[in-house]
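Starting off with a structure, shown below.
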Amino acid sequence: MKKKKFYSGIATALLASSVLAGCSFGSGEESSGGDSNGGDEGSGDAVTVDVFQFKVEFKDQFEELVTMYEDENPDVNINVKTVGGGNDYGASLKTSFSSGEEPDIFNVGGPTDVDEYEQYLADVSDTDAANAALDGTLTSVSRDDKVLGLPFNQEGYGLLYNKKIFEEAGIDASSIETMEDLKAAVEKLDSQKGELGIEAPFAFPAKEKWVMGNHLANAYLADEFNHDVMEAYQADTVEFAMGDQMKEFTDLQSEYSVQPVLSLDYSQQVEEHFSLGNVAMIQQGNWVYNTIASMDQDFAQNNVGLLPIPVEGYEGSIPVGVPNYWVVNKESEDEVVQASKDFLDWMYTSEKGKKFVTEEFKFIPAYEGYEDQEIADPISKEIYEYANEGNTLGWVFLGAPTAWTEDALGVAMQEYLAGNITWEEVEQQATTAWEEARQ
Amino acid sequence: MKNRSLSFWLFLTPVILGLGIVVVIPFIYGFFYSFTDWNGITANNFIGFENYINLFQEDEFMNSIWFTIKFAVVTVLLLNVFGLGLALLVTRNMKTNNLMRTIFFMPNLIGGLILGFIWQFIFVSVFGDVAGITGIEGLNGWLSTTNTGFWGLVILTAWQMAGYIMIIYIAYLENVPKELIEASKIDGANAMQRFKNVIFPLVAPAFTVSMFLTLSMSFKIYDQNLSLTNGGPFNSTQMVAMEIVRTAFSDNQMAYAQSKAVIFFLIVAVIALTQVYYNKKREVDV
């Protein structure tokens, strides 16, 4: 009995020490992680800027850029913390605010985020970057003459097509402008499936609510809100003025897609079907470039083209918008706020920064003064050309009520594709949800 | 009771501290927040039971509860049947016993998230190919309907957890006294009678443990749900845990999600405690 007690005592002690060790290890890691991210620490640092950003894809490159900046400005120390992907970022940002560890620079998405954090956002209209920002990229972060954020980059989407398959099928992509043109092309592809070695013309990932609710719908809703995300943000209702076209386009994609669409997801769409030449077209944007390149570098570089989504009155235009903004926390000390602004300015307006933004980040710049920079990937390049020529549709979906695009519209469209409800009911459900959210 | 001396509490301190900091205090906080309009950053108003009234009128939440209950009933049954079945199989005197135990237990060592993706591949790609070769229509389009999504989740969970439940049953089966089995053999009981009248009552405590485990586990499932169906199609295979996470982090309604979590806690607590109470009573009777 005594022996037993002795052992359980040891066990308890071990457990306790492991718990304590765990704690100290955890906190130790955090601070050292911060320092190493910030590069050489330098004992004489006057200002420390904490950056909390969400874009996992460019974490390494971003930290490299930060080190470059620190070398040039030895009195500034920048700590970068990256937390991945959409939802997680929002949650951890909230956590850091409620726990008092507020970052100095962080990211916001649409106008909803801006309103939520408005009390923390510093006016950045005095920066060079804000002056250089392209027309329309600042609308969703402007509040009575104040500019509260700086755009990350631009993104755009449309129908990505496999140039080789189109060529073999004898289709001239540049001639496709209207829904009828597209339909004819799709039917032509479908009739030659065997010879072309494809499974279907499209891969339509109806499992991903964002592909339908955000992007597909946006093409047909932009006109209704005058391409202005703020107008969508303030609208009491949504009318689906182009609902018929939206239905037609949804039907076309799902009917001529690899089946069953409802369990087809993003990675299958891009990797398995498009990159491997299993389908001729997918509705996606420039963000898929790296994924395709990791599957087949040559294909990504030379064989991917971009077709606009056919929208009546906007033939030959593609939706282009700013997915995210950098914002500066005004609760920080004045010198930190200034250092934060300087850093963002340097990143987007200095020669070194510009080069890095286009070459390493592979961004489509949302700023003027990039004429002499080479945009790295062909999809982005094509989108930048559309944007320069002004052939764009707005990104209004960020102005929809929180989660509306996915949980109201996306879900309803899935039900429609499953045959449970009619298209009229999709519009009805989505409109009701919008109105309820805006009451 | 006597040995609750200073050293007793001293040894208990780390556990109590840990439990208090990561479970009890956050729980109390959460309970409090569910009565406010907390948005994750600030709580401005105390709104009483408004959140609770709203959640009972929300179809999506109710659907997810109903779906979870259906799922729990089916998986608890299947898990215990498979678990006991496998345990009986590997407690017979065979040379491959240890190997078989290892194999059956293995799926449990793979994380739920990865398992979900593996099974997604099986259901979508492998099933599709098999259907293409054999022409069995039923294997097409898995996970694209509510029904196949449901059974996909059931199969995944049963496959993953059956080995774990098996271990519990093995422990009890091996403790069944040999002389009782022998006595029943001498009395002329056949295998079926032996199982029903001797072995089964003696492993009853194992039922209490495994029922509790399987029940609470199948209610709380999240990662498998996330990676296998992600609630789709049209959020019809969304379980309560996932619904709560969505409300909190996609819809940004923190306090409302918290009130859902409180209701969820109450449901699971009531079911689990009732179940333990009845099973314990039966054990005593035996």
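The backbone N, Cα and C atoms fix where each Cβ goes, glycine too.
Since this is a predicted model, take the numbers as computed values, not measurements.
Sharing the feature lines straight out of TrEMBL:
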TRANSMEM  B:7-29  transmembrane segment
TRANSMEM  B:65-91  transmembrane segment
DOMAIN    B:65-275  domain 'ABC transmembrane type-1'
TRANSMEM  B:103-128  transmembrane segment
TRANSMEM  B:148-172  transmembrane segment
TRANSMEM  B:198-219  transmembrane segment
TRANSMEM  B:261-278  transmembrane segment
Counting only residues 6+ away from its ends, which parts of the chain sit with a Cβ under 8 Å from the transmembrane segment (B:103-128)?
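Distant Cβ neighbours of the transmembrane segment (B:103-128) are 86, 90, 139-140, 142-143, 148, 152, 155-156, 159-164, 166-167, 221-228.
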So, does the transmembrane segment (B:148-172) come close enough to the transmembrane segment (B:65-91) to give 3+ Cβ pairs below 8 Å, pairs being at least 6 apart in sequence?
yes
Please report, as numbers and ranges, the same-chain residues at least 6 past the borders of the transmembrane segment (B:148-172) whose CB is under 8 Å from any CB of it.
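For the transmembrane segment (B:148-172), the list is 67, 70-71, 74-75, 78-80, 82-84, 86-88, 90-91, 101, 104-108, 110, 112, 115-116, 119, 123, 141-142, 202-203, 205-206, 209-210, 213-214, 217-218, 221, 224-225, 228-229, 232-233, 236-237.
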